[in-house]
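J.: The structure under discussion is supplied below as structure tokens; questions concerning it will follow.
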Amino acid sequence: MNQLLTLIIRCLNHPLFAWGTLPFSLILFGTVLGSRQTGLQLFPTILLYTFLLLTSLLERILIKKVKKTLAYPSILNPIYWAAMLIVLLLIWTTVNWLSVGLLLLYLLFIFIAYNPALRMEQSVFYVVLQLFFKVIILGYLSYYIQTRFLEWDFIGYVIPNIFILLSLVIYRQRGMFMEEDSRYQYFIELYYLPLISISYAVGTISIIILLLVQSVTFTTVFLYALPLLGLFVLLVIKKFRISMRMDNYLNLIILITIVLYAILVQYPA
């Protein structure tokens, strides 16, 4: 049993786990809700996921450059940008130019967010724009790819995901602080664990309230909340927290939360 637990923790701690799960979490909710209208548009969804894998890789490289912990081999640049161009062209042909425009805007944001001259990653603007692009823009885009139209009601379903993702954004931003030269940085450094817990709790409670409003039975909502409560308890246990990469564990919590949320919205009981 101990060997199995060790193997699971080792797999969850692998860097590829967070790299693959976060892009999936970002588009999962919009994809599930959109697919109930016209069915799953598989190929455009795979293209969007591939684009986000590429941008997630770029983001990780830029974060390591901010921390000055990576010497990136420039020989890989042509391969990376060729792959990015192919994916964007395929999205253009299978969806439309507007989707490509939004993705290019997201790509531009990533470069601006980690520009050493701007130091956006040291400020509250980093958090606000991360949530705007990753939750609102990508959520709406993943929904639009399925339906080819937008519904304003969708924003109400997405709002809880803002608080869910906020926990990860705060944690990652704290890891990029170079020096505490502002009250904001000092505040995050001092209270980041309570902030992570509170943001996740607010997101989960918002989901529960929304599900109850949508006439989902209390028993179903309770069964939804039970595994999330277990994951949350593990988060505050120091011994477990030390054995896990915090970034990976937060990605796991976000993935499970959004998967369960999407299923209950899609198939209310």
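Glycine is no exception: its Cβ is also placed from the backbone N, Cα and C atoms.
Checked TrEMBL, it gives:
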- 12-33: transmembrane segment (TRANSMEM)
- 39-58: transmembrane segment (TRANSMEM)
- 70-91: transmembrane segment (TRANSMEM)
- 97-117: transmembrane segment (TRANSMEM)
- 124-142: transmembrane segment (TRANSMEM)
- 154-171: transmembrane segment (TRANSMEM)
- 191-212: transmembrane segment (TRANSMEM)
- 218-237: transmembrane segment (TRANSMEM)
- 249-267: transmembrane segment (TRANSMEM)
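Can you walk me through where each of these features ends up in the structure?
T.: Long-range contacts of the transmembrane segment (12-33) within its own chain (CB-CB distance under 8 A, at least 6 residues past either end) are made by residues 40, 45, 48-49, 52-53, 55-57, 60, 134-135, 138-146, 154, 157-158, 161, 168, 244-245, 247-249, 251-252, 254-255, 258-259, 261-263, 265-266.
Here the transmembrane segment (124-142) has long-range neighbours at 26-31, 34, 45, 48, 52, 99, 102-103, 105-106, 109, 113, 150, 154-155, 158, 161-162, 165-166, 169-170, 173, 184, meaning same-chain residues at least 6 beyond its ends whose C-beta is under 8 angstroms from one of its own.
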J.: Is the transmembrane segment (249-267) packed against any residues at least 6 beyond its ends, judged by a Cβ distance under 8 Å, and which are they?
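T.: Beyond its ends, the transmembrane segment (249-267) has Cβ neighbours at 12, 17-18, 21-22, 24-25, 28-29, 32-33, 36, 157, 160-161, 164-165, 167-168, 171, 196, 200, 203-204, 207, 211, 214, 216, 220-221, 224, 227-228, 231-232, 234-235, 241.
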